[in-house]
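J.: Below is one structure. I have some questions about it.
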């Protein structure tokens, strides 16, 4: 019989061995262990009872029960390891946070709750805390609901990261159907929590749109987001209404605290009484919210520059008294650093003023020097670091949505909405890193997406730099993904086959890497893959012949449908064939091939097809312009076979712009002169 010993750790096996020997020595008769039939290894002969689910015991001793049969003989029973079982860390965490939440609801002490949660550790489980806090509050009075919202604001960034807040709310939305079984108005209550989180700036407004895409439209979680958006966040004066919806029963609402902070700072600037100002700050009783005092004080110092010495004196005094903690001071400065761009619209010198205040605060000892750790030397770098961190959080969500929806145009729109093209290499690194840890379907989707991004919004330089970043960290990646080097080589080689990179780019990537690093070896492997026989076909199918093969297949289908249309086909049928391709990000290929065919066949019917595609919304103006751009880029070569190609193309540009389906920025002047050919 197979032993259950495989479930045990080495330490547990040793415990079992020692315990077994002890029990053998304690048996009533040596004859029980000297039988010829007794095996040398008791562990392999007797079934070891382990708890259901395969969880191994941790402590205790192995006990062999000896009983008398009805005939009076001693009978040995199998060993059982007596002791406690290994507990699931997540289960332990969930139990602990229930106690923290119950105590918080009893005491209203935000600081103790925050401290207890920090002491608990296991920060990776914080989304479960969000879910448990809100779900427990949902089934209680308005007082607890308000307390839960206030606690979330207090924990935000200091204890629980923004991404964990989002993950926690996603978990709540996914479990709304279950919550509604016990809480009849669960949809409405959770919608209030979501809307309140947006008002309190712990969830971005875009959370609602993105979360909707991950939920079935028939789910109650989807209804929650609809209600939050339409019933609460769209209402006039919604912020004030949401702040008071549950009565502000935790003494004062966040909005009221902000007003009181503004008032006490204004009074301080007028009377200069530091002692009185510190007393007012202390009386607010919201030490978890002191970062707001810091931020507002600094803004006031910028608005009224003559008051700067007074403001800095107050902050220094509050820090030295221990009234404002070091972490709250840093958080206040960090929040201001994040909003400097907006602040500069009202106070043009805001950035310079901030950069002059930071070194003063550090030199006087009331702002931790870690605030300016390299690369933050002048305030700008930390703001850049914050921006990059937020970008990474956003693109992880975007990539996960893409893996679920396979919607390339939506992903491109999301990236354009972020408006940070300088981080395109970071996106590439994150995309492939996430795909590496998934199935072939996602790897194929990542390769197809790279082709689309290169055509739409990524430059070759972006792609090269992204792969350099990826290969620089290849050794770390290999710690989590054993076959990372081989798969990265496939991604590189596939990028060359897809015309995202050219072979020379591999040399450029290699030149930016240390000679003997694993990334350099990956580039060499990619070169070998490309040089192999039938490399194109093999690499197009390297992830199992998924959607990537469809790009090559689509080119053939586009050519066939255009040839059929050119020889007398119907416009409606041609449009339907384009629609059936299901690759809207690749419609620029239709435009390019249609224009080239119109030149070759001297058949301007192709323009009618493009006009109809635009009228139906089948091909966007951006895809039209991209197609025209690709023709323009190859016009010199086309002119070798079609002598009047440039004249014809000039006519097509004029026609398309007149009809409104080509961007006016696409100028005829940008073309080489027809006479020159």
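Backbone N, Cα and C define each Cβ position, glycine as well.
Please treat TrEMBL annotations as automatic predictions, because they have not gone through curation.
Per TrEMBL, region 'Disordered' is recorded for 19-59. If you look up TrEMBL, you'll see 27-44 marked as compositional bias 'Low complexity'. Positions annotated as domain 'MI' by TrEMBL: 92-213, 256-377, 390-511, 553-672.
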J.: Under 8 Å for C-beta pairs, could you tell me which stretch among 92-213, 256-377, 390-511 has the largest tally with the domain 'MI' (553-672)?
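T.: That would be 390-511.
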J.: Let's see if you can do this one: DSSP helix, strand and coil counts over the domain 'MI' (256-377), in that order.
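T.: Result for the domain 'MI' (256-377), in helix, strand, coil order: 98 helix, 0 strand, 24 coil.
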J.: Write out how many residues of the domain 'MI' (390-511) are helix, how many strand and how many coil, based on DSSP.
T.: 103 helix, 0 strand, 19 coil
J.: Let me know the model's mean pLDDT on the domain 'MI' (390-511).
T.: 87
